[in-house]
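Asks: Here you go, one structure.
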Amino acid sequence: MIRQRQADLLLVAATLIAACGWIFSREAIAGMPVFAFLGLRFFFAALLLLPFCRGFRVGRRQWPQILISGLWFALNLCLWIYAVSTTPSLGEGAFIMSLSMLFVPLTAWVMMKTRPARAYWECLPLAIVGLALLSLHMPIAFHPSQGWFLLTALVQSIWFCYTSRCAREVPLIPLTAVQLGITGLVGLAISAAFESWDRPFTLPTFGWLLASIVIATSLRFGLQMKGQKYAAVASAAIIMVLEPLLTVIAAALWYHEQLPLQKIVGGVLILVAQLWFRWRMLKPLR
């Protein structure tokens, strides 16, 4: 019981750090090119994980799977950081991104021929209504960043399905290190090809970059992996859903963002749909 409680606390800490990571990223890209930040953040985070990969063996046949998983992760993060750089509301983006876990059953249906459970179809209409309330304005308008976040959520569901299948055969720490490394290299390559560094690299920007590398990436993944190892499935699922809510709170405290009532209701409906789906799926396990 004590170990499980400690695991829950680790997951809460990881989720809180993930929410703060949105702030770290937004502050860092205010002072440096977007994809340069992405590349440096994940490349050095991968280097920090390398010492922990000792003792793990990865077969030659497993490398194609690992590399493909890493490319999906890189695409996911490239879309995400671009959406973060263009959105007027981090909280709104976080709620849209949280839809990725509701996309997973549909993606698994296409990729693995696994038909979604009945619980999925029960909660899907609620999530669609929530997305509509969150995305549409009066008069009706649609901000481009909302489309980018929605596309990111879809790509994240593909990455999740592919990585879940890959993780059955590949040790988790080397897999994570490779995914982070590939994302870093892709980000640096995009930056070298399309970006120019026309602003001075200030000490505050370096501080936000360092916080993103050490705290929001390396520490977060470490806490999350250790917490998931010992936490109960039900509590882990519920805790991880809290990220968009914590992101809204962080954005409100840091940027004084205020979501209108319509968007708050939309975000709450999305969270309720996720919690309902996960509770219905985990109920037979009790």
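Backbone N, Cα and C define each Cβ position, glycine as well.
Curation does not apply to TrEMBL; its annotations are automatic.
Quick caveat, the model's predicted, so the values are computed rather than measured.
Below, the features straight out of TrEMBL:
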type	residues	note
DOMAIN	7-135	domain 'EamA'
TRANSMEM	35-53	transmembrane segment
TRANSMEM	65-83	transmembrane segment
TRANSMEM	95-112	transmembrane segment
TRANSMEM	119-140	transmembrane segment
TRANSMEM	146-163	transmembrane segment
DOMAIN	148-273	domain 'EamA'
TRANSMEM	175-194	transmembrane segment
TRANSMEM	206-223	transmembrane segment
TRANSMEM	230-255	transmembrane segment
TRANSMEM	261-279	transmembrane segment
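Situate these features within the shown structure.
Replies: Long-range contacts of the transmembrane segment (146-163) within the same chain: residues 68-69, 72-73, 75-76, 79-80, 82-83, 86-87, 92-93, 96-101, 103-104, 106-108, 111-112, 131, 135, 175, 179, each at least 6 residues beyond the stretch ends and with a Cβ under 8 Å from a Cβ of the stretch.
Under 8 Å from some Cβ of the transmembrane segment (206-223) lie the Cβ atoms of residues 10-11, 13-14, 17-18, 20-21, 24-25, 27-28, 31-32, 37, 40-42, 44-45, 48-49, 176, 180, all in the same chain and six or more residues away from its ends.
Under 8 Å from some Cβ of the transmembrane segment (261-279) lie the Cβ atoms of residues 89, 91-92, 95, 98-99, 101-102, 119-120, 122-124, 126-127, 129-135, 138, 234, 237-238, 241, 244-245, 248, all in the same chain and six or more residues away from its ends.
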Asks: How about long-range neighbours of the transmembrane segment (175-194): same chain, 6 or more residues beyond its ends, C-beta under 8 Å?
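Replies: Apart from its flanks, the transmembrane segment (175-194) reaches 33-47, 49-50, 52-53, 66-67, 69-71, 73-74, 77-78, 81, 163, 166-167, 217, 221, 225.
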